[in-house]
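Participant: These came from TrEMBL, pasted as-is:
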| type | residues | note |
| --- | --- | --- |
| ACT_SITE | LYS208 | active site, proton acceptor |
| BINDING | GLY12, SER13, GLY14, ASN15, TRP16, GLY17, PHE43, PHE100, ALA156, ARG272, LYS301, GLN303 | NAD(+) binding site |
| BINDING | LYS123, ARG272, ASN273 | substrate binding site |
| DOMAIN | 7-175 | domain 'Glycerol-3-phosphate dehydrogenase NAD-dependent N-terminal' |
| DOMAIN | 197-344 | domain 'Glycerol-3-phosphate dehydrogenase NAD-dependent C-terminal' |
Amino acid sequence: MASSKSKVAIIGSGNWGSVAARLVASNTLKLSNFHDEVRMWVFEETLPSGEKLSSVINQSNENVRYLPGIKLGENVVADPDVESAVKDANMLVFVTPHQFVDGICKKLVGKIRQDATAISLIKGMDLKPEGPSMVSKLIKDSLQIDCCVLMGANIANEIAKEQFSEATVGYAENKSLADEWVRLFNTNYFLVSAVQDVAGVELCGTLKNVVAVAAGFVDGLQLGNNTKAAIMRIGLNEMRAFCKMLFASVNDETFFESCGVADLITTCLGGRNRMCAEAFAKSGGKRSFDELEAEMLKGQKLQGVLTAKEVYIVLSQRGCLQMFPLFTTVHHICTGRLPPSDIVRYREHANNSALVNSDSNMVPAALPAIRSLRASRIQVQDSNNVGQCMTALPGGLSCVICALSTNSRCRNIPAD
Ligand SMILES: NC(=O)c1ccc[n+]([C@@H]2O[C@H](COP(=O)([O-])OP(=O)(O)OC[C@H]3O[C@@H](n4cnc5c(N)ncnc54)[C@H](O)[C@@H]3O)[C@@H](O)[C@H]2O)c1
């Protein structure tokens, strides 16, 4: 007879994946409606000793590569075969770097339980020709299952040491399912709450990595705490404007949850994105992020630089680059088009910073118009340069393309 107990699989076993497995496994032992065993899919690697990572995890109960020195719990079982890891599970926790999710989901189509449901702990976006798609949507659409998200001020190594922190679950409709995820993750040192705002929670977790890169530049240039706080404030405003541009449903309250301002602060103070960006700025932009990632992160993945590029592509496709000067400047610095010192000259790259100024009422006024223009206008000429025209925006905002060109009429609007 089929058991009514829930069974959990963790898809991913990096730094955060291993900590997530440890958190969840401590709870499945205590909660009677969960099977004790937690399967953790391991992207197999051969260690310098010649041994396989998954075997070493199962022998030592430790992820020696991504979370050394921390016992995961005897009920965590490493499995190098993703299909076998999810076979019996009805609660799937996705926690890999975002660039691998698409491939993993393709492998899992038709291989998961009918009653499976998912949560994504992954930060990042998937760029499709038709527009940006969040990772939770990718999972939901590929596997035809509900997908919540869990984000927050969660530097994995601190949670591994059971230092107090908070996290936010974002859910779409099903509150009782969200409560089940909260029960699975919540401990006395990891306080989880749920909000009905998947897009807001997920985008906050994704975008803050771009701000963390900016904060790292500030640190590398030794510009001090005031500058870093200013960059964080401006970054938060751009995060809010970007979220609302993509999803009208995003709640302002979400930015005050752990997934919002708290995650932004911790990532700008600690975290790998800030650290690599600091080293990049110290080198005067001469060392590449690929080189720094390989040297400093030892197999862990840097997300902020990739996300900055993805954000840049989205903004260029919508002709909104000038309204997000900090995000745009971060991408230009990462790609060597601007020096790291330009992080504090970001306003010079702005044409209409009023849109992202918190004192302005233009955010709510103008963004719906941008959204509606998406449907009606105009050609996107290429993903790096010219986007949709916004000549018709209310409030006297002019087309960013025209403002930069000598043409009196926007060259992106065909003659009527
Ligand atoms: N580490 C943190 O503090 C932290 C906190 C919150 C959220 N996150 C997010 O969690 C997600 C996972 O991060 P992490 O810290 O667990 O990973 P990580 O960066 O520590 O490790 C990289 C992982 O990717 C795997 N990998 C490498 N190549 C692969 C491939 N081709 N296919 C599939 N997997 C491959 C590696 O085996 C390893 O498990 C990311 O989206 C990250 O932003 C991380």
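Going from the start of the chain as shown, residues are counted 1 onward.
Every residue gets a Cβ built from N, Cα and C, even glycine.
Bear in mind that TrEMBL entries carry predicted annotations, made automatically and left uncurated.
Worth saying up front: this structure is predicted, and the values here are computed from it rather than measured.
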Participant: So the record assigns LYS123, ARG272, ASN273 to substrate. If I measure every Cα pair among those residues, what is the longest distance in angstrom, as a whole number?
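Facilitator: For the residues that bind substrate, the greatest Cα distance is 13 Å.
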Participant: Nearest by CA distance to ALA156 (NAD(+) binding site): which of the recorded positions is it, out of LYS123, LYS208, ARG272, ASN273?
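Facilitator: Ranked by Cα distance from ALA156 (NAD(+) binding site), first place goes to ARG272.
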Participant: Please give me the CB contact count at 10 A for LYS301 (NAD(+) binding site), counting all chains in the structure.
Facilitator: 16
Participant: Rounded to a whole number, how many Å is the Cα of ARG272 (substrate binding site) away from the Cα of LYS208 (active site, proton acceptor)?
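Facilitator: Per the Cα atoms, ARG272 (substrate binding site) and LYS208 (active site, proton acceptor) stand 12 Å apart.
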Participant: Which one of the binding-site residues (TRP16, PHE43) has its C-beta surrounded by the most other C-beta atoms within 10 angstroms?
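Facilitator: Buried the deepest by this measure is TRP16.
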Participant: Please tell me which one of the recorded positions listed here (LYS123, LYS208, ASN273) sits closest to GLY12 (NAD(+) binding site), measuring Cα to Cα?
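Facilitator: Checking each of LYS123, LYS208, ASN273 against GLY12 (NAD(+) binding site), the shortest Cα distance is to LYS123.
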Participant: Counting only residues 6+ apart in the same chain, whose Cβ is under 8 Å from the Cβ of GLY14 (NAD(+) binding site)?
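Facilitator: TYR66, VAL95, THR96, PRO97, GLY299, GLN300, LYS301 - these are the non-local Cβ neighbours of GLY14 (NAD(+) binding site), listed in sequence order.
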